[in-house]
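TrEMBL annotations:
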- A:14, A:15, A:37: Ca(2+) binding site (BINDING)
- A:20-91: domain 'Cupin type-2' (DOMAIN)
């Protein structure tokens with residue numbers, strides 16, 4: 001059984017929404033489409049399994065404190081098939 | 001003598017500039033004015049000494065992974081008078 005990822009909104013103002021995501025081993029976000037451009041700040045080293053809408057799977061490495069940016073429209077399920085918790089902040093840009 | 005804070009730009013696109021700041025003990029950013037609204041993501045627990053333009057000093061606690069937002073126009077010098085390195089990401093919002 002897949003457990004759900006845990007999320008907590010830290011900031012939600014006119015410009016940004018900042019959400020802390022925690023994915024325990026075995027958890028997944030579920031398929032979703034990003035409605036806003038966003039920045040990810042990994043809070044721990046980790047490995048995400050990314051599942052595209054067509055089922056294609058890929059691995060993505062998270063390095064603590066190494067941010068990256070993505071554009072709106074990204075569609076995926078993010079799964080934790082590793083043995084370590086995945087923790088990151090997602091900064092969605094409303095402008 | 002005050003040593004300089006170290007900064008590294010991680011992302012600089014149309015929407016955001018993300019800078020990693022590292023302040024070793026005894027270092028300072030120097031007085032500066034924020035030209036953009038910004039979000040701070042602390043990468044370590046720490047204590048900053050904030051010096052306002054009039055010289056008023058205050059302490060601010062950083063908690064790993066607990067983000068906060070500030071508006072453009074903030075003026076201050078950020079100093080590390082603690083014994084632990086201060087590390088955070090600054091996400092400046094260009095929009």
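Count begins at 1; order follows the chain as displayed.
Backbone N, Cα and C atoms are what each Cβ position is placed from, and that goes for glycine too.
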Give me the non-local Cβ neighbours of residue A:37 (Ca(2+) binding site): same chain, 6+ apart in sequence, Cβ-Cβ under 8 Å, ordered along the sequence.
A:69, A:70, A:71, A:72, A:92, A:93
Would you pick out, from the binding-site residues A:14, A:15, the residue whose Cβ has the largest number of other Cβ atoms within 10 Å?
A:15
Is it possible to list how many residues within the domain 'Cupin type-2' (A:20-91) are helical, extended or coil according to DSSP?
0 helix, 40 strand, 32 coil
